[in-house]
């Protein structure tokens, strides 16, 4: 086959460029410690220009040179794949095709646009539809709103906003829709926020993430009675948070009743390409328009989103911006046109089917786990799995809890909700870090709170998620559940122990995922606030350092970087074998030790300063006395030397020594007499926790599972050894009716003689040692 040399060279250059950009290796001579290199500073544009290799090298340095983030970002870049190269090639081809002559360009763009639209309509069961390709996924809905305005307001093209003023349009969106969607539409359309009506979700019946159809009906009636014009309804086939689908069939009937436009968006629209589609999602094929995000579903980079719609008037579509007379605008579909041909129908269906199988695999495993609560709409075909850690109140009084739950916004219930949100936030972050290929993230839901979401349609094609990644995710979840339950159960015990301990202050921080927060209280003794704050920070910082030096499985830190309490010790997740009382006692004892050392250092500094002043005064007085004893003549340089030669003056050395233990000055005469320096009193040993002393070698701190059993085994082993010794010394006994023979009697006599000989030998040795000891004592007394 003949290939255009330009196209062949373009494909070759693209492959070379992608290899250079995906190469993540650094140069050996690159200095990593320099944050800003000389080459990163923008300079003047070179007059002679640069070659392609140098420019691509610059792009690579900008992409990877200063990147110090997690490996997940580089992991995403490494999974572009050949189908991604086809999409990137489409952008290069679009630039090349745009230079063709006008007639050829028109024919080529018309073919590309018609082929892509036909394939998508057949693939997603949307008959007789048109397509609009756009970069921003909200742009398609914006163009649809303009189309509906042009359709419902016939004089809008001539009179503009005046026709809207007489009859205000209303756009209805679900409260579970994307954040900021309504405000973005109003800003782009030039409408006030009063034109946007948020429809609440179900509260009594049905899913709490579905739009309340009965309430929507009442809202539309109220708007019609007030002279407003219901314009458009935005429904969800897979809400952004939980992935639930609105009741599209009933919503379509309601829109036909009030002559409204129904637009549907959501991740569940991808399942329309499968052989089996749930009835709730299949109803989306009857809507007026839908938005598809094929880039994330199929793992295609830089491909546009598509909005499929049905409308009979092409002039209004042109006025709304859904179609364009410029051939270059139609080239937006070129990357998608190339990628769809490369994947084929089977490849597209296989990717979407694989994502659905991943979600079903995870859902089946989550059903067998305790303390995990799932929130899915359809267990058979839901492509989004949302779950959270939740522990029932099994150890508490059910009646009291029910009474508390009946109270509106009870503080205990709100605190427990906040704690569960914090723990689930930590769980989602841990799972995403341990299994990055799973693509799980944390989502905030209005009713359930903080949950962990797994949406493989949005991530699996890019990350390359496989079944073994789901199994690894479940294994990690099984490891984290005992830690969560143990920490949640021990939080209250830790709080009570801290509040009962003198010197410790419990800090309630509901946003900390761990055992709790504690602060050692510093006794100020009348110091000002600034000095007290510094001492408090110093003691707690040293306390944190001491705790981290212990051999334990606990994590001690200063807390979160933003929003945490100052001068506190944050304790992380714990296991069920934690001894809370030992932990609190150790923290209190260590804090007291640090405070005592700090006070001792302060007192010692003051005592040493006063001692130095006193020593200077005594030495000055001693010098004056020495001058009086020696006389005036001895102070004259020449005369004093001659006088000292004829009549030497014997003066006793009078020095001073400072006793740090007693805090007093002492004379050095005793040192010169005994020729040795006194050691003084020995300071008392630092008190330690009695529980810490009982820890066996190799056993980590704050463990309570083996303490009692170890003590029992040690006691039993010692008593067993004593029993064995007594049995050895005891003469053998005979059973009743058994008589001793001559041989046995002879052996018994021999054993008695051997024992008597040993006893006599020991007595003789002890008698011989007594005179020696007496002699040594007499010699010592004579000395």
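Heads up, the Cβ atoms here are built off N, Cα and C, so glycines get one too.
According to TrEMBL, the feature coiled coil maps to 605-632. Under the heading compositional bias 'Basic and acidic residues', TrEMBL lists 26-41, 720-729, 744-753, 765-783. The compositional bias 'Polar residues' annotation in TrEMBL covers 708-719. Positions annotated as domain 'PDXDC1/PDXD2 second' by TrEMBL: 382-488. Residues annotated as domain 'PDXDC1-like third' in TrEMBL: 494-599. Per TrEMBL, region 'Disordered' is recorded for 26-46, 671-783.
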Tally of residues which DSSP labels helix, strand or coil - the domain 'PDXDC1/PDXD2 second' (382-488): 66 helix, 16 strand, 25 coil
Confidence summary for the coiled coil (605-632), mean pLDDT rounded: 73
Tally of residues which DSSP labels helix, strand or coil - the domain 'PDXDC1-like third' (494-599): 48 helix, 15 strand, 43 coil
